[in-house]
Amino acid sequence: MNEKLRILFSFLCFFYVLLVSPSQSNGQDISLSCGASEPAVDQDKKKWEPDTKFLKTPNTVHAPATYQDPSLLSTVPYMTSRIFTAPATYEIPVKGDKRHMLRLHFYPSTYTGLNILDSYFSVAANDLTLLSNFSAAITCQALTQAYLVREYSLAPSEKDVLSIIFTPSDKHPKAFAFINGIEVIPMPELFDTASLVGFSDQTSDTKTANLQTMFRLNVGGQDIPGSQDSGGLTRTWYNDAPYIFSAGLGVTLQASNNFRIDYQKMPVSTAPADVYKTARSQGPNGDINMKSNLTWMFQVDTNFTYIMRLHFCEFQLAKINQKVFNIFINNRTAQGDTNPADILGWTGGKGIPTYKDYAIYVDANTGGGGEEISLQMTPSTFGQPEYYDSQLNGLEIFKIDTMKNLAGPNPKPSPMQANEDVKKDFQGDKRITAFVIGSAGGVAAVLFCALCFTMYQRKRKFSGSDSHTSSWLPIYGNSHTSATKSTISGKSNNGSHLSNLAAGLCRRFSLSEIKHGTHNFDESNVIGVGGFGKVYKGVIDGGTKVAIKKSNPNSEQGLNEFETEIELLSRLRHKHLVSLIGYCDEGGEMCLIYDYMSLGTLREHLYNTKRPQLTWKRRLEIAIGAARGLHYLHTGAKYTIIHRDVKTTNILLDENWVAKVSDFGLSKTGPNMNGGHVTTVVKGSFGYLDPEYFRRQQLTEKSDVYSFGVVLFEVLCARPALNPSLSKEQVSLGDWAMNCKRKGTLEDIIDPNLKGKINPECLKKFADTAEKCLSDSGLDRPTMGDVLWNLEFALQLQETADGSRHRTPSNGGGSVDLGGGGGGVTVNISAGESDLGDDLSSEENSGIFSQIVNPKGR
């Protein structure tokens, strides 16, 4: 009995030592909620402890945030902060011979007595500079995020203590530093050497390097929250859609749910299995693939070397030399010529993942995109492979430290941010809170340890899996991204009628600014009239051209639509959505301020116009751009967003003919792609209105698809959606076009300027797509992803017929996906079979796949 008591006493003393001695907690994950007074749990069930016992600097300030941004899904650790007006140090015990992951969490909100725009500071980890003269407020504005995570991978050192030093800038008289959360996680050594791109015989040593995570993407798949990461590293993997460049989006591939990933060549902690179960490829048509590529673009800081880690796993093919492709990074060959990429050649079998590391130096003196890293993949003909295609499953980009420095400059503020008058006097917080931890001795401490241990074990038994999405925002973005959304102010003033939610999302203009920019709403500046009111051309901030939509007091669209547009559009940033700069709600006036679209609306270029006629190829590119914007609304945001007023006057064109969807006053958030609907009062524009929605008052994203089908016929036929002057059967363009399509007389009603200029196969694909959009039942209509795929295919057919070698780049770019991650055409791989969905007929499927399997068929 005495022996059992001795063992129990030793066991409890061991846990007592772990509790009261920070120096013995090395090797464990540490998550600090800075400024908190007690432990807390975030929405991913991660435990955060107060930071006091690791803080070695007295007289610091802890301050709660006074405003909670709506996008802040978890209050922990962001609603508390630690403020420093002088240099301060955290000392965290670590194992010096191990690599550690360090995450710093910043929420540049309003803290009592402080102006967040005064916050400029540096952060160092031991002798490594992480941030220098850093402004979290400016950075979050540029990235249009409410909060920010900076993640680093720190190389092993000889020190058993990680010192994290915060130093307010001496360049700003009122400067202070702040931090909301700190994570330190021991990690396995996942880095070795990387091939230096462009120099076949040189490598870059990453085993001893300190790294900053710039991008971490699940290519072709959905976001993977930290709670579902492998190896306990709690990394978040984001969908790659926002970084795809050019018109070729490819298709996404997905393995079956029971497909097994075999980590025989690398540790499980390299990446979770879900990364290797999805991929993006160029698509099923090898002939088209040979004339195109998959391209991703990333903005980075210059004068650093970057490691691009590409993750691969083949889950469809089984033989070497079936799919071989080239890889180019910044137009330099990483894999190609006589040494192309062959996933099965690297791994030796299906379901075996691998990765390749490539190093590239980004020089500020290169010019012409020197702040970007591009990744391109094209099929290779080397060895006459069976398929002409390329594939990528995952991607990570890391910045390597230069002379113990990882810091880049702050983003360059846009003109709107630079002139925004939100400065306040820095008053400082005189309250200095000290959190003292005392240690109890003897039996009380042992019993306390035993109680904590028992509760911990019981909680472990009953804790289930967590299905919540991680609240952490992306860590990507460089120091040169610019945007206009403000995440600093929480409320509007001066008699604003807006809700706090809408008021805190973007810049608020004074009425005097708006009147000055429009010459007191001079009628000569009117460039359009809509349901909300007149649209004026204006100038702000000394020269920036904008479009200002001014409400009409007699309009049916009032405050609700005004708030809806602010709340929805200010959260969204996409190449094919018009950008909201700000609003004015003063003196009884309601105005919305947008980027100026110099080429006006799509309708202005189709009929009743003196403008030059659009070519068919340009019309296709505009339709593709608009489809991308709608597709992003349906699939790219947290919730499905249904536009509800898709028409040619709500598709705007910038100076480069890039199409942008506009006017979100009637938009609704939908049922998040679960096949449900939203019951709502019917709103929209006659001629474009979904008849099923009109009958049942049940709104789905397929209502937008119907409206877009009318837009497609409007693009083809160059006539209004409704024309009461025509005979009864011709009044509605949708009905008339469908009738002609069924009779085989569609060519009789297309725009006379296009006759003889459209490739017949392209016309058939385009018309079939528009016809499916106008199906009476929403269930029979394609998704916007399917529509986008078909329009891309139609463009390829037209370009092939025209003998075009390259796509017109003016409408390139985009941030949407054709597959499961971002929606659209997903090629679901199961038992070696591919399903392209209903958007292609069985005859078309057969033709395309026969071309792939037999290269001679190309």
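Using N, Cα and C of the backbone, Cβ positions are placed for all residues, glycine too.
What Swiss-Prot records for ASP645 is active site, proton acceptor, and it gives sequence analysis as the kind of evidence. Annotation note: ASP645 (active site, proton acceptor) sits in a coil segment as assigned by DSSP.
Summarising the annotation, Swiss-Prot assigns ATP binding site to ILE527, GLY528, VAL529, GLY530, GLY531, PHE532, GLY533, LYS534, VAL535, LYS549 and lists sequence analysis as the type of evidence. The 10 Å shell around the Cβ of ILE527 (ATP binding site) contains 16 further Cβ atoms across the protein chains shown.
According to Swiss-Prot, the compositional bias 'Gly residues' annotation covers 811-825.
Among the features that Swiss-Prot reports, domain 'Protein kinase' is placed at 521-794, with the record citing sequence analysis.
Among the features that Swiss-Prot reports, N-linked glycosylation site is placed at ASN133 (among others), with the record citing experimental evidence. In sequence order, TYR120, PHE121, SER122, SER169, LYS171, PRO409, ASN410 make up the list of same-chain residues 6 or more apart from ASN133 (N-linked glycosylation site) whose Cβ falls under 8 Å from its Cβ. DSSP assigns ASN133 (N-linked glycosylation site) to a strand.
If you look up Swiss-Prot, you'll see ASN293 (among others) marked as N-linked glycosylation site, on the strength of experimental evidence. A coil conformation is recorded for ASN293 (N-linked glycosylation site) in the three-state DSSP classification, outside any helix or strand.
Same-chain residues at least 6 positions away in sequence with a Cβ under 8 Å from that of ASN303 (N-linked glycosylation site) are, in sequence order, VAL362, ASP363, ALA364, THR402. Positions annotated as N-linked glycosylation site by Swiss-Prot, on the basis of experimental evidence: ASN303 (among others).
Annotation source Swiss-Prot lists N-linked glycosylation site at ASN331 (among others), citing experimental evidence. Around the Cβ of ASN331 (N-linked glycosylation site), the number of neighbouring Cβ atoms within 10 Å comes to 10.
Look at Swiss-Prot and you will find 28-431 tagged as topological domain 'Extracellular', backed by sequence analysis.
Positions annotated as transmembrane segment by Swiss-Prot, on the basis of sequence analysis: 432-452.
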Please report how many Å separate the Cα atom of GLY533 (ATP binding site) from that of ASP645 (active site, proton acceptor), as a whole number. 15
Between ASN331 (N-linked glycosylation site) and ASN293 (N-linked glycosylation site), how many Å separate their Cα atoms? 12
I'd like to know which of the binding-site residues VAL529, VAL535 has the most other Cβ atoms within 10 Å of its Cβ. VAL535
Including all protein chains displayed, how many Cβ atoms other than that of ASN293 (N-linked glycosylation site) lie within 10 Å of its Cβ? 20
What DSSP gives for ASN331 (N-linked glycosylation site), in three states, is coil
Within the predicted model, mean pLDDT of the topological domain 'Extracellular' (28-431): 90
So of all those recorded positions, ILE527, VAL529, VAL535, ASP645, which one's Cα sits nearest to ASN293 (N-linked glycosylation site)? ASP645
If one measures from the C-alpha of VAL535 (ATP binding site) to the C-alpha of ASP645 (active site, proton acceptor), what distance in angstrom results, rounded to a whole number? 17
